[in-house]
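Please read the structure below before turning to the comments.
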Amino acid sequence: VLTPPVRTCTHKCVGEENWVDSRTIYIGHKEPPPGTEAFIQQRFPDNRIVSSKYTFWNFIPKNMFEQFRRVANFYFLIIFLVQLIIDTPTSPITSGLPLFFVITVTAIKQGYEDWLRHKADNSVNQCPVHVVQHGKVVRKQSRKLRVGDVVLVKEDETFPCDLILLSTSRDDGTCYVTTASLDGESSHKTYYAVQDTKAHSTEEEVDSIHATIECEQPQPDLYKFVGRINIYMDNEAVARPLGSENLLLRGATLKNTEFIYAVAIYTGMETKMALNYQSKSQKRSAVEKSMNSYLVVYLCILISKALINTALKYVWQADPNRDEPWYNDRTETERQRHIVIRAFTDFLAFMVLFNYIIPVSMYVTVEMQKFLGSYFIMWDDEIFDEELGERAVVNTSDLNEELGQVEYVFTDKTGTLTENNMEFIECCVDGHVYVPHAICNGQLMPGAAGMDMIDTSPGPEVHEELFFRALCLCHTVQVKEEETVDGIKHGIHQGKSTSFYISSSPDEVALVEGMKRLGFTYLRLKDSHMEILNREDEIERFELLEVLTFDSVRRRMSVIVRATGELYLFCKGADSSIFPRIISGKVDQVKARVEHNAVEGLRTLCVAYRPLTPEQYQEVCHLLNGAKLALQDRDKRLAEAYDIIEKDLILLGATAVEDRLQEKAADTIESLHKAGMKVWVLTGDKMETAAATCYASKLFHRNTQILELTTKRTEEQSLHDVLFDLSRTVLRQHGNMTRDTFSGFSGDCTDYGLIIDGATLSAVMRPTQEDSNSGNYKEIFLEICRNCSAVLCCRMAPLQKAQIVKLIKTSEEHPITLAVGDGANDVSMILEAHVGIGIMGKEGRQAVRNSDYAIPKFKHLKKMLLVHGHYYYIRISELVQYFFYKNVCFIFPQFLYQFFCGFSQQPLYDTAYLTLYNISFTSLPILLYSLIEQHINMDILKKDPSLYRDIAKNSLLRWPIFIYWTVLGVYDAIVMFFGAYFLFDNTTFTSNGQMFGNWTFGTLVFTVLVFTVTFKLALDTHYWTWINHFVIWGSLIFFVVFSLLWGGIIWPFLNYQRMYYVFMQMLSSGPAWLSIILLITASLLPDVVKKVICRAMWPTTTERIQVSAYTYIPLISKPRSVCVQCFFISKSEEVTIEIWNVFLATTTQDILLI
């Protein structure tokens, strides 16, 4: 039961988190002292986690409702009901059984998945937790935990709900936590107990705490929390601020701390972890959209057939002798029924008769193909990273084929193209460069030739040591000690270090390790004192007074420390956020070195300091405390306080850290370019650093002409002029043609690369009043981008990344977009793109959790798209077209048959054949084809990325190809029907002169139909294994065996025996065998001839590769399955005649290589 708001905030500011109410929690459920505040007992949900969709009671109605929301299922339900209500030519079983099969299979799948969720929920909800009650520790189930309970958590236990830390086993009130299950970060984060309660270390002491907590209502943001604790001492309340550093999240694990006491503030489905369970918006693939369009077309064909037959029936019955023949008198009720009602009933009857043209089983087959096909990605050993021990993850299988349709790739830089494994390269202090192992401990080391030496003047030396100390103090790094072989722990200052640094930021670890190599070693944080080992092996202690944490808006962090009575503020951050705040220091020399390092592709940070007087420090404390205690606008007030404090800085120097390019990142980008994809890099880094990475990763080439759309240029010219200049530049080269028609590596035209920054992008997306009359900037910007082979967007905020993706996604061409990133700042663009891919990097797992697919490294994107994406699209496009084709072949003879039976709605096929055609006889071969078909060997797909272009822009599901398949189906149906009809015209069809009846005629047509559509699929199959042979020929054998059994036994449960001995009698006729062979050949011949002519006259790149690959089979070092197509090629090699497929059987092991 949710609580009504206790307080309502009437004042809201721009950018404020829109929470308008707060909650009050009474620690240990104790009432506040009389006269302090009103005691309002609130009700909160219990601690049960519910991730399941259904219960035992609502599963059937809820699941049925969800399934019948699908148009195809609802349509077949209506048809089934019509068959039950009115007199229709076919049994209700013919529609009901396939529908029942589809609904049952889907319900079983969804029910099983939900049962697993129930099982997981119960294991979590019933796990034991320890709660402090009346000074004693009581054990209870997790689901019974309530808001306000004080919980005892021991080392390596998981937090059962969201908690505020009260005290720990450590004297300094800290504890270490890993949040791997929340964001994937395995590093140990430090959390802090409330200052006034951290000394309470026993159950009795904790139970004596008398306090209330005021905090915001539950929010899904894992990294934000605003609250205040009121501790009552002698009936007076002492208020202390609470922030994210005090909040322990459900799912996180306690590490390196013996125990903690904490109070529950959010439970059950209100915990931050549960609020992040919210499902992502449903993405639909281009293939699914095509399927729905085709379904509408076939629905129109169905209605047209029914209308035509209904009209022709009444034209036929205009003659009284035909309307009511002597052998079929009407009843009086039928004679009196109104003609409109009779016509409508007949229309519904024809709808029922022809309804099989809509392939209901296609949806189940597509779902099974996507679900089972996704395992090929997860099982792929080439998409496995031994270093991480991670495989690819498929979070949604609905978009498999979309991997084969990507036109734009948007990628993050840090951690995606690069390793996010920082190595300290150098630092610059007052213009003097320091390199680890070159100048260390005041000694010139080998390899230091040509380096700037340190000045011996007192000034620089003071600045040098102050710079090193600043980097040793201005961070949030933790020291983790390792145990030696004999189990004794050694401190970092005792001889050689056995400790290592851990932090949520790889940059900080690299900087602290760099300082260690330059002679200043950070030891630990103990009792609010940071300890440093200097070059003289002396330990220096600095009291840590305040930490001004880093955020992506300020792009800097600061600490305030006290040493020997002196107060310092040390600040480090991006050059763009530090330089404007500098009042003294060698700015020009440092700035020059920063720009030099940025061009080299290094990540740079600037370091500055400010000495503080006691009065200034008191003012700082007052500002920070006021901001921290605020329940409303806390973030805004803290940002204002930080802005006031971090000013009048003295520049010390800058650092350079290298983030190496990931293995094969350049090769992957080059392959994506050759495949016709455009790659955009969206990063928050500065332009010079990002540009250097783009050159290294071959996004830009040395002959690429760089176009800049940056703040620097728009300051010199108006945005309008810059955009039109760039537009003229690119269009002068190409005219009105866009680069979509060119390869990124074409030598016929200049390669253009565009660089744009975040500020300019904002101006392009939202022009100011004075610029708004200058035309549509978005369209001009898009035109420029279309003509560039690559685009770099730097200084991007997370929201801007999503805006860029949306801009391209919704442009006139509606291209398929893919976004790939590894951090929380990439989530917005991953969710926005058609396909989102998360990299399992070092910036947490938020990108992985929110993605459609997750891969260990960027290099694996190449196989994901060029091989798996290619195969998925080829397979599902054949599946969709084939399903519509075989249903046209199936139902069009039924339509033609009405012209020969007086439009009496007489079915051509037996009820069993109508029911089992899509379920049993023809479903398994196409399902297997859609899972394992390989029209080209995967090695060739990887070596020749240009093959990806053959399937671009949904080329295999375009309307001309759809119409061809439909016409082919109509042709085959005409051949089957009229071929059998003219053969039946001979009254001596059997050797004994006996004539065949209508059921034998229908069985003959159906036999030809099943064999034709199965052989058609066999002709389209390139990759043959023993499973293909077993399923394709096994399906035909099953049909024959079923027909023999169905017609060879008198079934007692049937009220008719019209099929008795029909199939055997048909097979006993020699002309019937001949007609089956002739009709199958005549049906398949045009398609074979068309393929031969097209391959000879207008071969695609894929077909050329198939010819060259299959006419020559190289020796392979290890056993592999090989698919061979035999061709006779003339000497001029102009005409290729495809004779047949020659198949090499493979072993079971070969199937695993697919």
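One is the number of the first residue shown, and numbering goes on along the chain from there.
Each Cβ is built from the backbone N, Cα and C atoms, and glycine gets one as well.
Just so you know, TrEMBL annotations never went through curation; they're auto-generated.
Predicted, not measured: the structure shown is a model, and the values here were computed from it.
Taken from TrEMBL, the feature domain 'P-type ATPase N-terminal' applies to 41-95. Using DSSP to sort the residues of the domain 'P-type ATPase N-terminal' (41-95) gives these counts of helix, strand and coil: 27 helix, 0 strand, 28 coil.
Residues 92, 94-96, 98-99, 102-103, 292, 295, 299, 345, 348-349, 351-352, 355, 358, 360, 363 of the same chain, all 6+ positions outside the transmembrane segment (68-86), place their C-beta atoms under 8 angstroms from a C-beta of that stretch. Summarising the annotation, TrEMBL assigns transmembrane segment to 68-86 (among others).
Per TrEMBL, the feature domain 'P-type ATPase A' maps to 128-198. Taking H, G and I as helix, E and B as strand and the rest as coil, DSSP gives the domain 'P-type ATPase A' (128-198) the counts 7 helix, 39 strand, 25 coil.
Marked as transmembrane segment by TrEMBL: 293-316 (among others). Residues 71-72, 75, 322, 343, 346-347, 350-351, 354-355, 357-358, 880, 884, 887, 895, 898-899, 902-904, 962 of the same chain lie 6+ residues outside the transmembrane segment (293-316) yet bring a C-beta within less than 8 angstroms of a C-beta in it.
Per TrEMBL, the feature transmembrane segment maps to 347-366 (among others).
What TrEMBL records for Asp412, Thr414, Asp822, Asp826 is Mg(2+) binding site. All chains included, 33 other C-beta atoms sit within 10 angstroms of the C-beta of Asp826 (Mg(2+) binding site).
Marked as ATP binding site by TrEMBL: Asp412, Lys413, Thr414, Glu508, Phe550, Lys572, Arg603, Thr683, Gly684, Asp685, Arg795, Lys801, Asn825, Asp826. Taking the Cβ of Thr414 (Mg(2+) binding site) as centre and 10 Å as the limit, one finds 27 other Cβ atoms among all the protein chains shown.
Of all the Cβ atoms in the protein chains shown, 30 others lie within 10 Å of the Cβ of Asp412 (Mg(2+) binding site). The active site, 4-aspartylphosphate intermediate annotation in TrEMBL covers Asp412.
Under the heading domain 'P-type ATPase C-terminal', TrEMBL lists 848-1100.
Per TrEMBL, transmembrane segment is recorded for 912-932 (among others).
What TrEMBL records for 962-984 (among others) is transmembrane segment.
Long-range contacts of the transmembrane segment (996-1018) within its own chain (CB-CB distance under 8 A, at least 6 residues past either end) are made by residues 882, 885-886, 889-890, 893, 897, 901, 906-910, 913, 917, 921-922, 925-926, 929, 972, 976-977, 979-981, 984, 989-990, 1032, 1035-1036, 1039, 1043, 1058-1059, 1062-1063, 1065-1066, 1069, 1072, 1075-1076, 1079-1080, 1083-1084, 1087, 1141. Feature annotation from TrEMBL assigns transmembrane segment to 996-1018 (among others).
Per TrEMBL, the feature transmembrane segment maps to 1030-1054 (among others).
Cβ atoms under 8 Å from those of the transmembrane segment (1060-1085) belong to residues 971-972, 975-976, 979-980, 983, 986, 989-991, 996-997, 999-1000, 1003-1004, 1007-1008, 1011-1012, 1015-1016, 1019, 1043-1044, 1046-1048, 1050 of the same chain, restricted to positions at least 6 beyond its ends. Under the heading transmembrane segment, TrEMBL lists 1060-1085 (among others).
Highest Cβ pair count under 8 Å relative to the transmembrane segment (1030-1054), across stretches 347-366, 912-932, 962-984: 912-932. Taking CA atoms as the reference points, Arg795 (ATP binding site) and Thr414 (Mg(2+) binding site) are 12 Å apart.
Computed over the domain 'P-type ATPase C-terminal' (848-1100), the whole-number mean pLDDT of the model equals 87.
Comparing Asn825 (ATP binding site) with Asp412 (Mg(2+) binding site), their Cα atoms are 9 Å apart once rounded. The Cα atom of Asp412 (Mg(2+) binding site) lies nearest to that of Gly684, taking the binding-site residues Phe550, Arg603, Gly684 as the candidates.
Closest by Cα distance to Asp826 (Mg(2+) binding site), from the binding-site residues Phe550, Arg603, Gly684, is Gly684.
Between the binding-site residues Phe550, Gly684, Arg795, Asp822, Asn825, Asp822 has the most other Cβ atoms inside 10 Å of its own Cβ, all protein chains included. Cα of Gly684 (ATP binding site) to Cα of Thr414 (Mg(2+) binding site): a distance of 9 Å. Rounded to a whole value, the Cα-Cα separation of Phe550 (ATP binding site) and Thr414 (Mg(2+) binding site) is 18 Å.
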